[in-house]
Amino acid sequence: MTKYTNADELKSLTLGQKTEYKHTYEPELLQAVPRSLNRDDLALGDELPFVGCDVWTLYELSWLNQNGLPQVAVGEVALPATSPNLVESKSFKLYLNSFNQTKFTSWDEVKETLVKDLSACAGETVKVDIFPVQRYSQQPIVDMQGECIDDQDIIIDDYEFNAAYLESSTSDVNIEETLHSHLLKSNCLITNQPDWGSVEIQYKGKKIDREKLLRYLISFRQHNEFHEQCVERIYTDIMKYCAPESLTVFARYTRRGGLDINPFRSSHLLAPKDNLRLARQ
């Protein structure tokens, strides 16, 4: 359990509660969660050790045009990691549902509305793009970059989070490499529902022991935090124990409620080059 599980800021969230679905535009449905909750737990100050963003894909985005004809689109949203708040995912889903029976004059108006409301919730300007469904029908399914570390003949008998797996995990060999794992699984901070993800780790520095890294990632299996918080924990733990010269951590989670969340944290990159789907997305 994290130190902030019972924080007052979490008690008013609709997540985990029975809610009424609204079908006409209602921006008040959006709920913010202060990023400071887990960053205080990680002893992060105002000067963050990373940059990056949270990339959301919106698969259930629909509204009515001026003639009442339903429109559908796929949206992509990027929330800067520097924003004071993250957007709680169930409230995001409920907010998007409120578009369903609302008339908009154009696709641009929908985009402008999303930018305005999400930026107000996050506390910083949010980037939004919306695309026709046809664009996504042509998008390939890809794998993460680098080598997969999952196929190791090791025994796992501990599934409690333990950053100490990364202690003494580097050698004297300097390397620049990209590794990935599909075994990332954590649980929702509020509901305990499982969150399934894949994570890509790109670094330059002392070579990291792959067995220890995999044991560390598997230790999230019973851990309760939001997606964004897990990725920031992975980033800060690798920096603490492995001290690479540069580091990028990118996780892509399976969708829930028509949304997938893909947190990206880096020592030097503001955003991933592409937003491409994995097999489980």
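Yeah, the Cβs are placed from backbone N, Cα and C, and that goes for glycine too.
Taken from Swiss-Prot, the feature substrate binding site applies to V87, E88, S89, H227, E228. Sequence annotations record features per position, and here Swiss-Prot assigns NADPH binding site to S89, K90, R256, G257. Annotated active site, thioimide intermediate per Swiss-Prot: C188, in sequence order, evidence recorded as sequence analysis. The active site, proton donor annotation in Swiss-Prot covers D195.
Distribution of Swiss-Prot features across the structure.
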| residue | record | DSSP class |
| --- | --- | --- |
| V87 | substrate binding site | strand |
| C188 | active site, thioimide intermediate | coil |
| D195 | active site, proton donor | strand |
| H227 | substrate binding site | helix |
| R256 | NADPH binding site | strand |
Legend entry - Length of the line joining the Cα atoms of R256 (NADPH binding site) and E88 (substrate binding site), in Å: 12
Legend entry - Other same-chain residues whose Cβ falls within 8 Å of the Cβ centroid of V87, E88, S89, H227, E228, the recorded substrate site, in sequence order: V33, D54, L86, F92, F226, I261
Inset, instruction - Please list residues from the chain of G257 (NADPH binding site) whose Cβ is under 8 angstroms from its Cβ, counting only those at least six apart in sequence. - result: E60, S89, K90, K93
Inset, instruction - Compute all pairwise C-alpha distances among V87, E88, S89, H227, E228, the residues listed as binding substrate, and give the largest one in whole angstrom. - result: 11
Inset, instruction - Determine, to the nearest whole angstrom, how far the Cα atom of E228 (substrate binding site) is from the Cα atom of D195 (active site, proton donor). - result: 11
Legend entry - For the recorded positions V87, C188, the one whose C-beta sees the most other C-beta atoms within 10 angstroms: V87
Inset, instruction - Quick one: among the binding-site residues K90, R256, which has the most Cβ atoms sitting within 10 Å of its own Cβ? - result: K90
Legend entry - Cα distance (Å, whole number) from the residue listed as 'active site, proton donor' to H227 (substrate binding site): 8
Legend entry - For the residue listed as 'active site, proton donor': intrachain residues, at least 6 apart, with Cβ closer than 8 Å: K185, S186, N187, C188, H227, C230, Y253, T254, R256
Inset, instruction - Would you mind ranking the binding-site residues E88, E228 by how many other Cβ atoms sit within 10 Å of each Cβ and giving me the lowest? - result: E88
